[in-house]
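The block underneath contains the structure these notes are about, expressed in structure tokens.
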Amino acid sequence: MKLGVNIDHVATLRNARGASYPDPLKAAKIAINAGADFLTVHLREDRRHIRDEDVFNLKQNISTELNLEIAATEEMLKIAKEVKPYSICIVPEKREELTTEGGLNIVNMHSKLSGIIEEMHSFDIKVSLFIDPNINQLKYLEKLERKPDIIEIHTGDYCDNPSEEKLKLITNSAEYINNLGIECHAGHGINYKHAKEIKKIPHISALNIGHSLISEAIFHGLHSVTKKMKMTISK
């Protein structure tokens with residue numbers, strides 16, 4: 001199973017003092033050296049953590065794949081075409097939220113998403129969609145004229161209050177996505193304990209993990225916690 005490390009909150013710490021440190025690029029290189037398979041950053045419309053220059057700097061200077069999380073806006077899609085990351089992950093976004101609160105509403109967006117996927121593919125950029133583990137939403141993937149390359153299952157509800165029922169929803173969703181011939185990832189709120197359970201689910205090929213790793217890194221160092229998480233999901 002692959003590990004994507006989200007380094008947004010390195011930038012959060014930097015921006016808290018309006019400083020030039022800690023440097024997200026330095027964090028990215030440490031995570032890669034410790035075993036991260038790819039890097040993820042979320043360029044939000046309010047630039048609360050990652051900034052435009054961070055994204056360009058990462059793309060130019062890291063040795064692994066860059067996954068850029070963005071809202072489906074003209075501004076963000078334009079930036080994606082300029083940066084040309086390995087992949088983009090389309091996420092819903094509200095200015096007032098502390099973090100992404102849920103998955104995309106495919107029911108209301110399927111026609112728009114088809115156009116985005118086609119456009120990004122013309123720039124050789126893979127497209128991921130961030131979706132709740134809800135079969136009723138996932139069914140609308142079949143209505144898309146152009147299929148995404150990846151679906152990332154939103155694991156926040158499970159991680160906030162784990163239960164077998166919620167884990168089953170993720171399992172069923174991963175199976176459904178796999179049957180559509182789409183690669184399945186998972187992310188949001190995952191720590192070591194959650195990772196041990198989610199890694200058992202068939203068809204999930206990668207986890208995106210950020211806040212818990214950056215939090216643990218305060219006490220144990222980013223190299224150490226990234227290496228530990230990679231070992232956790234690889235066993």
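Here the Cβ of each residue, glycine as well, is placed from N, Cα and C on the backbone.
Per Swiss-Prot, the features are as follows:
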type	residues	note
BINDING	N6, R17, G189, G210, H211	3-amino-2-oxopropyl phosphate binding site
BINDING	D8, H9, R44, H49, T99	1-deoxy-D-xylulose 5-phosphate binding site
ACT_SITE	H42	active site, proton acceptor
ACT_SITE	E69	active site, proton acceptor
SITE	E152	site 'Transition state stabilizer'
ACT_SITE	H188	active site, proton donor
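Feature annotations (Swiss-Prot) mapped to structure.
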residue	record	contacts (Cβ under 8 Å, 6+ apart)
N6	3-amino-2-oxopropyl phosphate binding site	L39, T40, V41, H42, G187, N208, I209, G210, H211, L213
D8	1-deoxy-D-xylulose 5-phosphate binding site	V41, H42, H49, I50, G210, H211
H9	1-deoxy-D-xylulose 5-phosphate binding site	H49, G210, H211, I214, S215
R17	3-amino-2-oxopropyl phosphate binding site	none
R44	1-deoxy-D-xylulose 5-phosphate binding site	I50, A71, E93
E152	site 'Transition state stabilizer'	C89, S128, L129, F130, I131, C184, H185, A186, G187, N208
G189	3-amino-2-oxopropyl phosphate binding site	T155, G156, Y158, C159, D160, H211, S212
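Figure note: comparing Cβ neighbours within 10 Å for the recorded positions H42, H211, the maximum is reached by H42.
Classification of D8 (1-deoxy-D-xylulose 5-phosphate binding site) by DSSP places it within a helix. Cβ contacts within 10 Å of H188 (active site, proton donor), excluding its own Cβ and spanning all protein chains shown: 27.
You'll find the Cα of E69 (active site, proton acceptor) roughly 12 Å from the Cα of the residue listed as 'active site, proton donor'. The DSSP secondary structure for H211 (3-amino-2-oxopropyl phosphate binding site) is helix. Reduced to three states, the DSSP call for E69 (active site, proton acceptor) is strand.
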